[in-house]
Structures are given as C-alpha cells and as structure tokens.
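Enquirer: Structure provided below as structure tokens; questions to follow.
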Amino acid sequence: MLQSLASNSCVRLIQSHKSTWYFASLVLGYILYLIFGAVVFSSVELPYEDQLRQELRAIKKQFLQDNECLSEERLERFLKKALEASNYGVSILNNASANWNWDFTSALFFASTVLSTTGYGHTAPLSDGGKAFCIIYSVIGIPFTLLFLTAVVQRIMVYSTRRPVMYFHQQWGIAKPLVAIVHASLLAMLAVSCFFLIPAAIFSALEDNWNFLESFYFCFISLSTIGLGDYVPGESVNQRFRELYKVAITVYLILGLIVMLVVLETFCELQQLKQLRKMFYLKKEKPQDRLAILEHDHLSFTTVSKRASGQHEDKIQPFVGVPTLCDYF
C-alpha cells in the first residue's frame with residue numbers, strides 16, 4: 001500500500017514538473033554533445049598536430065645545421081617576430097606584392113565580418129586607435145546589424161514563406177502543416193544549392209589551393225558566423241581583380257546571412273518545432289487556473305457582500321418592526 005502511494009506520488013511529481021525534467025535532459029544532452037565533439041576533434045586532430053610539430057622541429061634542426069653561423073636564439077627571435085606579424089595579417093612571404101590588408105576593399109570586408117560577428121581573425125587592428133574604434137564601432141554596429149537583418153528577414157518572410165503557404169493551403173486545400181514542412185524543405189535545398197554548392201564550385205575555381213571540400217567548408221564556416229579564419233578568399237599573392245573580388249565576397253556574405261536567417265525562421269514557424277520547443281519552456285498559467293482564481297475571488301466578494309448586507313439589515317431591523325397606522329385597521 002505504501003509502495004503504491006509512493007509510486008503514485010512520484011508519478012504525480014514528474015507529471016507536474018514535466019517541463020523541468022525536459023529542460024534538465026536538454027542541458028545534459030548539450031553537455032554530452034560538447035564532450036562528444038571534444039573527444040572526436042582531439043582524437044582526429046591530435047596526431048596531425050604531433051606530426052606537424054615533429055616536421056617543424058626537423059626543419060629547424062636542419063636549418064641550424066646548414067647555417068652554423070646563426071644561433072638558435074636569433075632564429076627564435078626572428079620566428080617570434082614573424083609569427084606576431086602573421087597574427088595581424090602581415091606575412092613576410094608576400095609583403096613585396098601589391099596586396100594590402102587595410103586598403104578600402106579589405107577594410108570593407110573586415111567591417112562586414114565584424115558587424116556580422118563572423119570575425120575571421122586573419123586581420124586585426126594594429127594601432128591603439130584602431131582597437132578603440134573597433135570596440136565603439138562594434139557596440140553600435142552589431143545591434144544595428146541585428147535590427148537591419150530582423151527588418152529585412154521579416155519583409156522577405158511575407159513573400160517567401162507566409163503567402164506561398166497560405167496560397168497552397170487555401171487554393172489547393174492541402175493541410176497547412178504539410179504545406180509548411182514541404183515548403184521549408186524546398187527552401188532549404190534551394191538555399192544550400194545557391195549559397196553553398198554553387199559558391200563552393202566558384203571558390204574552388206578561383207582559389208588556387210582550394211578544393212571543393214575546402215571551399216564548401218569556407219562557405220559553411222562563414223554563413224554560420226563561426227569564422228575560424230583558416231580559409232579566407234582573396235589572400236593569394238597573384239589574385240586577379242582582388243578589389244572587385246573582395247567586394248563580391250562581402251555582398252555574398254551579407255546576402256547569404258540573410259538567406260540563412262530566412263530559412264531558420266521558416267523552420268521555426270513549423271508547428272512541429274513549436275511543439276518541440278514548448279516541451280522545454282516554463283508553462284504559462286492555464287486559463288482554468290485563472291478561472292478558478294476569479295471564481296474564488298467572486299465567491300469571496302459575494303460572501304463579504306452578504307455579510308455586509310446582513311449586518312446592514314440587522315442594524316435597520318428595529319426600525320422595520322415599528323407598527324404603522326395601517327396595522328391597527
């Protein structure tokens with residue numbers, strides 16, 4: 001008997017806090033997913049890192065043997081200076097070329113990566129004034145970019161998603177959830193084709209050292225605003241029409257980010273995903289609960305009113321019981 005009561009109470013406790021248990025499972029799943037990614041990345045990339053370290057040590061050792069007049073300390077200072085310059089986008093390998101990191105088109109490309117929070121990191125401000133301006137520019141520009149993207153996406157959604165879904169739902173009589181999920185799938189495939197597959201083919205043709213996988217990798221890393229910066233187009237030594245190329249990439253990034261937001265918003269409006277999200281949200285106060293509260297307040301008010309009216313009648317009762325002239329006839 002006690003076990004059945006305990007089990008029933010546990011079931012009621014779980015049912016009453018269902019969203020909390022769902023949220024706890026979501027947090028646990030996210031942590032496990034992070035750990036899973038760390039394990040896979042470490043197991044895949046660590047052997048390559050170790051191999052690269054050994055190759056660099058061997059090259060350094062051979063270089064010192066071939067140049068006995070050069071001490072290891074001087075070589076270390078030179079390499080340290082070269083690596084520090086490389087972190088700011090200045091390479092000793094192609095400084096003799098006409099490529100500059102802070103001409104107008106390169107600065108425009110840098111500004112777009114800052115405001116879109118992509119941040120490749122291949123170029124960074126060198127001066128203190130540039131660093132300070134980057135902070136102020138980002139503080140104002142990032143919310144401004146979010147406002148701009150929200151307004152643009154809201155207007156595009158009317159013509160790209162809501163009206164087509166309503167048209168097929170009303171004119172063809174197809175269920176709205178089915179139309180919405182088919183439309184979202186077609187829109188996602190169109191976005192992948194136009195902003196991932198086709199640009200990846202173009203980048204693999206324009207960039208000398210990129211294959212299709214590396215080009216597709218750049219497109220995904222850029223449009224997802226991850227921006228690792230290991231692949232940046234237009235940075236080769238003999239890049240033709242570099243200024244025009246940089247402007248075209250800037251336009252591609254802005255348009256691609258808008259399209260990605262439209263696709264995400266389209267999927268977020270699916271009824272299935274809305275129901276999935278509600279599983280992890282705190283539940284709002286139910287209408288029955290509000291009705292019960294109102295009824296309780298109404299009963300309380302009625303009781304108080306009756307008591308007040310009863311007290312009032314008790315007070316006037318002696319005056320009501322006074323005989324009148326009509327009582328004697």
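Cβ atoms are placed via backbone N, Cα and C, with glycine included.
TrEMBL entries are annotated by machine, without manual review.
Okay, so TrEMBL annotates it like this:
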DOMAIN    95-156  domain 'Potassium channel'
DOMAIN    193-268  domain 'Potassium channel'
CARBOHYD  Asn95  N-linked glycosylation site
TRANSMEM  21-44  transmembrane segment
TRANSMEM  135-157  transmembrane segment
TRANSMEM  178-203  transmembrane segment
TRANSMEM  215-232  transmembrane segment
TRANSMEM  244-264  transmembrane segment
Enquirer: According to DSSP, how is the domain 'Potassium channel' (95-156) divided among helix, strand and coil residues?
Expert: 41 helix, 0 strand, 21 coil
Enquirer: Please work out the helix, strand and coil residue numbers for the domain 'Potassium channel' (193-268) from the DSSP assignment.
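Expert: Breakdown, helix to coil: 53 helix, 0 strand, 23 coil.
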